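To start, the structure itself, in structure tokens.
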Ligand code: ATP
Ligand code: TZP
Ligand code: MG
Ligand code: MG
């Protein structure tokens, strides 16, 4: 993947302003909507079982996130997911906290059985736990696991036949036959809640534009990491509060010049 692909996809996101339908958690709802707006996409949060199928059908992408799940939300996610599948709308799934409780792990499995997921995005522990492997998880944060995230992403992609994104210090984007690593980002992203969830939604915006979900997800991760690096430069040592605000500013400002100068991408086939 070259920097031109990343730039062109970002330009198209801003030009087309895709509608991204989110069924997400109560912690990150506002940050997700503001992050998508800053990027140039159009967010909507809609949860009622009476409307989710209609909303998913007209969206450019559907993002499902189990961060604060309950049975009503899971029902709505499955209804929305099936409608998106029928309409050819890409589905992104963020299995927040899978492995932390049996209910989360079981609900994630149920959603993935009922809905064809196009992109699975989580930390290493979440992806391991939905792939039937053990990896320590502390609430919603990845614990220390011993595995190789590149191999884990490949295996999850192969098993689920979907693009899999494992984020962390390096972001791994895998499909059955390709692997891309993104080395952008900053540890300050771990000090602001919802940065993983927002990335899943940003991947949704890119998937609405680019049908190749590996290129879409890798482009999204690169833009996101570059915005974080720029936000650190602007907010300096101020801390997570200033960083969060500046990160939204920088999501709206990433351009061809930053991408050309700062994208750190490794592509394997
Ligand atoms: P967790 O709950 O384990 O923090 P998450 O769902 O919040 O997981 P992250 O893995 O934190 O997701 O990824 C969110 C963003 O933060 C991604 O863009 C990722 O590249 C970035 N990121 C996470 N850790 C680091 C790090 N150590 N250095 C640079 N960027 C990081
Ligand atoms: N608790 C339930 S959902 C959530 C918390 C803290 C937000 C998790 O967001 P992220 O993006 O995984 O850090
Ligand atoms: Mg994080
Ligand atoms: Mg997360």
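Cβ coordinates are placed from backbone N, Cα and C, and glycine is handled just like the others.
TrEMBL annotations:
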- 45, 194: substrate binding site (BINDING)
- 121, 167: ATP binding site (BINDING)
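Here the binding-site residues are 45, 121, 194, and the one with the most other Cβ atoms within 10 Å of its Cβ is 121. Under the three-state DSSP scheme, residue 194 (substrate binding site) falls in the coil class. Screening the binding-site residues 45, 121, 167 for a C-beta under 6 A from any atom of ligand 2 leaves none. Counting only same-chain residues at least 6 apart in sequence, those with a Cβ under 8 Å from the Cβ of residue 167 (ATP binding site) are 121, 122, 123, 196, 199, 221. Reduced to three states, the DSSP call for residue 167 (ATP binding site) is strand. When the binding-site residues 45, 121, 167, 194 are checked against ligand 1, 167 have a Cβ within less than 6 Å of one of its atoms.
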